[in-house]
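*Asks:* Sharing the features that TrEMBL gives for it:
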type     : residues : note
REGION   : 16-45    : region 'Disordered'
COMPBIAS : 19-34    : compositional bias 'Pro residues'
REGION   : 127-183  : region 'Disordered'
COMPBIAS : 166-175  : compositional bias 'Low complexity'
DOMAIN   : 411-489  : domain 'GST N-terminal'
DOMAIN   : 494-630  : domain 'GST C-terminal'
Amino acid sequence: MNEGGAAAMVAAVGLTPSPLQPHPPMHQHQPPPHQHQQQQHQQIPGLRPLRAATFPLPVHYSQLPPNVVAQFEGAFAGPGGGSQPPGGLEQAALAAAQHAHLRPGQQALAPASAPFNSTAISQHFQLGGGGFAIGPPQPQPQQQGHASAPPPPPLFAGHEQRERQQQPQRQQQQPVNKTQLEDNENQARVHNLVENLNIVPNPPELEGWRRKLFHVEDTLVLTEDEFNTYFAHVDNVYSHRSTQAYKKKNFVVSYWDCRLKGRPSGTKKSDDPNKKKRKRTKRELNLCDMKIKITEFWPGSYPQEYLHKLSKPLHWYSTDRYTCVQSGYFDQLSSKIYTVQRVHGGVDNEQTFGPAGAHKHDIVESDRVKKNTVIRTMMQNDRDKLKPTKTYHKKATGAALETVKNHSAKQDLRLYGSCFCPFVQRVWISLELKQMPYQYIEVDPYQKPKSLLRLNPRGLVPAIAHGDWACYESSVLMEYLEDLNEGQALLPASPKERAYSRLWSDHINRHIVPCFYRFLQEQDTARQVTYAEELTTEITKLVKAADPTGPFFLGPNMSFVDVQIAPWIIRLRRVLKPYRGFPEPDPQTRWGKLVNAIEENEATKATVSDDQLYLDSYERYAENRPDTSQVARAVNSGRGLP
């Protein structure tokens with residue numbers, strides 16, 4: 001078939017000819033003529049790039065989509081169909097499809113008079129997605145002006161040879177790509193229909209689309225862009241119930257109930273400490289019983305009857321997605337479609353579709369119950385813009401910064417710590433009280449540098465390196481510094497008093513510290529009151545066990561127990577007061593005297609940063625963000641401190 005014959009077949013069935021061979025539109029779905037541009041294939045801003053396996057070039061009649069075959073057969077069948085084209089329908093359809101697929105300067109495949117050889121074909125194409133797809137793009141020669149595209153060569157040497165070769169080729173079927181089917185099934189199992197929704201505040205014809213997606217009076221067929229744009233404006237109407245995956249079908253089905261169907265209170269408890277706890281309130285049951293079914297079809301696997309319901313005309317073969325978008329056409333070979341249908345009964349009882357089972361309320365009531373994704377996202381964005389982003393600090397400030405500078409020189413004893421960590425501050429205060437020579441090394445425990453992991457495989461601070469020996473855990477390190485017998489002793493000489501100090505140090509670690517974090521991390525106001533009372537009770541026990549005169553736990557001098565609780569006393573005013581309203585102690589009480597004595601101690605003040613550092617670093621705790629720290633995860637799960 002020559003170039004003119006192929007072009008005539010293209011026009012006869014509505015296929016898009018090469019951009020260099022414009023033809024008059026034959027029906028309302030034909031794209032207007034357009035001129036070739038040198039930069040035709042550049043990426044349009046906002047468009048996702050076309051996937052590698054979505055642009056099949058037909059190399060045999062059996063590879064043409066059934067819709068194209070039906071169009072050709074319809075064009076030449078019946079009283080008004082005209083005479084059969086030379087060479088038969090098969091040769092005409094294939095020639096026309098290849099001609100419509102050619103780009104400027106692109107040569108058609110070798111004549112099909114040779115036997116169909118999948119090995120030879122694979123040199124030009126890559127097998128994927130159940131069809132042949134063009135591999136990496138080849139550089140195209142620069143076109144000057146409007147040159148004519150080369151005509152496709154004859155596809156068959158003769159009618160008899162075509163008859164001999166066509167029969168065995170028809171019997172050949174492309175093998176089912178089992179790996180692809182398994183991948184589709186696995187993707188469907190974890191499928192989240194709304195994860196790719198677009199946030200477009202005011203798309204065209206928004207109210208009309210909202211009414212259609214609310215009432216679903218007939219089967220709705222949407223392109224991928226339409227679904228991702230408009231369903232985000234009505235997802236508050238529906239509540240997802242189930243998703244069905246099919247091993248050998250290229251679509252996923254999900255079922256959605258009207259949100260006003262209601263739900264009981266509570267949710268299944270999770271043992272995962274990192275999972276955000278959801279506060280679920282009971283909604284009145286059975287206010288509406290409407291159910292919809294959403295089917296997501298993979299590219300190129302749509303039922304014929306749905307394609308004619310699309311809002312965009314079809315584009316069977318295109319030079320690229322750029323051409324489709326510029327022409328306002330829907331490219332069925334690279335885009336999904338979605339159908340939305342109203343169903344009756346449960347998932348296993350969907351015999352009927354149609355108007356029965358409509359909503360028992362209007363869309364205004366659905367908007368009152370819950371805001372849609374677009375509105376919620378915009379509100380969250382507005383809050384984020386007004387809210388300054390705070391994070392933990394990586395460098396000390398104030399008096400603590402001066403102490404870091406004074407202890408930056410290399411020493412045999414090295415303390416690895418973080419300026420915001422209270423457990424580090426315990427060891428730091430001990431070193432300052434003892435006036436021992438040491439080097440302070442600031443590390444980021446969230447990044448866990450190799451230098452820290454060599455000392456502590458868990459990557460936690462504080463850690464100490466003394467010569468070629470290393471150890472970690474704050475209470476253990478304080479005991480180690482005591483055993484060195486250097487500087488001021490923090491444990492008394494009497495074995496009984498030493499045991500007494502260890503007993504109340506254990507009380508601090510087992511009760512006061514966990515209560516501090518439970519109170520700070522709790523988001524429910526009523527429980528915050530409960531945890532505040534628990535914290536006060538545990539502190540009261542410690543105060544009653546302290547020396548009556550004080551001002552420190554064992555008397556006039558700061559000791560082991562005072563250092564154990566000092567970091568959390570510092571954070572009562574700097575963290576618990578601004579975030580939870582924890583009151584400052586009365587200075588005339590025994591508790592007030594202990595707090596004041598610890599705050600005013602020179603060793604304590606040397607390790608304290610400015611208030612803003614603690615306010616910023618503990619915001620994540622106050623909001624109970626996921627993965628805040630191992631301490632936060634342990635508190636959320638009810639376990640002991642790590």
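Cβ atoms are placed via backbone N, Cα and C, with glycine included.
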*Asks:* Helix, strand, coil residue numbers for the domain 'GST C-terminal' (494-630) per DSSP?
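*Replies:* Here the numbers are 96 helix, 0 strand, 41 coil.
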*Asks:* Mind looking up the mean pLDDT for the domain 'GST N-terminal' (411-489) in the predicted model?
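*Replies:* Over the domain 'GST N-terminal' (411-489), the predicted model scores a mean pLDDT of 95.
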*Asks:* By DSSP, what is the split of the domain 'GST N-terminal' (411-489) into helix, strand and coil residues?
*Replies:* 29 helix, 17 strand, 33 coil
